[in-house]
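J.: Feature annotation from TrEMBL assigns transmembrane segment to 20-38, 50-73, 94-113, 125-144, 156-178, 184-202, 301-320, 335-354, 366-386, 392-412, 424-442.
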């Protein structure tokens, strides 16, 4: 297993190296921005920002209509040199549809918020206007990134993403130097890097030679795209709905505290995110060739590499979690939330890339229905637990829902592929780790 994993690391070292550089830079800038916003502005301003970002995150998924995954699904079947781009017409068609959908949904949201919202947010219309504009750029960025991934050139998007992160760094250092305590800072910080990334991706597309091929898109493809969109919507809902419900039930300060703990907890997915640009097109390619050995190889590499990185990061949190939280301000009380959320994401990673495998195999319905059930379970548990236990109740709800969805999807993968990717011993170790951590937390 170690020999195979080493060989795969060598094979994908370019993408993983660029992904690691991009992730380290974006993590550093992300945490630096949390620190600065809390120091220059306030915890409540940060809480408002992450609350409205969560709302527009959902809107962006909704208007993408699953086209980002459909581009990969349709284009990755073809073999072509990495210097030639395929599927440009498909990208343009999907892009136009998504922009129209975004404008319509944003209008509905703004009207609905104006009529029904009775919240006590201080800067709600500032965030709504800013994030509505930024969503246009983010939509283009999402589709173009998928386009390059589908053409097996993920490092192009990674390099540009790294450039965007460096632009954010310059903006933050400007805040350090000039200490401009104005909300106008967020206009530059949120929109400029995204706009630059889109411009660079469009430039790269123009520079690359293209070859148009016939990629028919029929009614069933649009239906499948919508299923992928709904799957992603409810899947991301499992991770983001906490912020929205805490924002509605509790205060912006508590939303900020949960957001910081969640931001750290998401780092346990670093290994999974490093190989994420590879896994979907590679799985699809192996499935299209009916290459069972290659499929298992790609699946196991993703799982073991991701779990190894996650375990290392989680160990650091167990020992130094409170000190890490205190660097951002008075966030030490979020330590239990950090540990429970981190463990939840480790559990999800440990089951393997089952959702992607089902999607690439054409079984989006299974992933959709199981994730929808998990989301409903999360909303129900949050509705009960947040008023009683506060933020830790939301973390426990996330843990329960993620465990539910991964057990069900793992069973579905076994039924559809007739492959047992994980042994009973593997699950036993996972159970023991969970019990040990919860014993430590209780004490």
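We number each residue from 1, going along the chain as drawn.
Using N, Cα and C of the backbone, Cβ positions are placed for all residues, glycine too.
Curation plays no part in TrEMBL annotations; they are all automatic predictions.
A description of the local structural setting of each listed feature is requested, covering burial, neighbours and distances.
T.: Residues of the same chain lying 6 or more positions beyond the ends of the transmembrane segment (20-38) and with a Cβ under 8 Å from any Cβ of it are 45-46, 49, 158-159, 161-162, 165-166, 168-169, 172, 175-176, 189, 256, 260, 263, 267, 270, 273-274, 327-329.
Panel annotation: around the transmembrane segment (94-113), residues 55, 59-60, 62-65, 67, 70-71, 124, 128, 132, 135-136, 139-140, 143 of the same chain, lying at least six beyond its termini, place a Cβ under 8 Å from a Cβ of the stretch.
Long-range contacts of the transmembrane segment (125-144) within the same chain: residues 48-49, 52-53, 55-56, 59-60, 63-64, 67-68, 71, 91, 94-95, 98-99, 102, 106, 109-110, 113, 157, 183, 186-187, 190-191, 194-195, 197-198, 201-202, 205, each at least 6 residues beyond the stretch ends and with a Cβ under 8 Å from a Cβ of the stretch.
Within its own chain, the transmembrane segment (184-202) is flanked in space by residues 33, 49, 126, 130-131, 133-134, 137-138, 140-141, 144-145, 148, 156-157, 160-161, 163-165, 167-168, 171-172, 175, which lie at least six positions past its ends and keep a Cβ under 8 Å from the stretch.
Packing against the transmembrane segment (392-412) from elsewhere in the chain are residues 238-239, 242, 245-246, 258, 261, 336-337, 340-341, 343-345, 347-348, 351-352, 354-355, 358, 363, 366-367, 370-371, 373-375, 377-378, 381-382, 384-386, 422: each is 6 or more residues past its ends and has a CB under 8 Å from a CB in it.
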J.: May I ask for the residues of the chain that lie six or more residues beyond the transmembrane segment (335-354) and have a Cβ under 8 Å from a Cβ within it?
T.: 257-258, 261-262, 264-266, 268-269, 271-272, 279, 283, 299-300, 302-303, 306-307, 310-311, 313-314, 317-318, 321-322, 325, 391-392, 394-396, 398-399, 402-403, 406-407, 409-410, 412-413, 421-422, 426, 430, 433-434, 437, 441
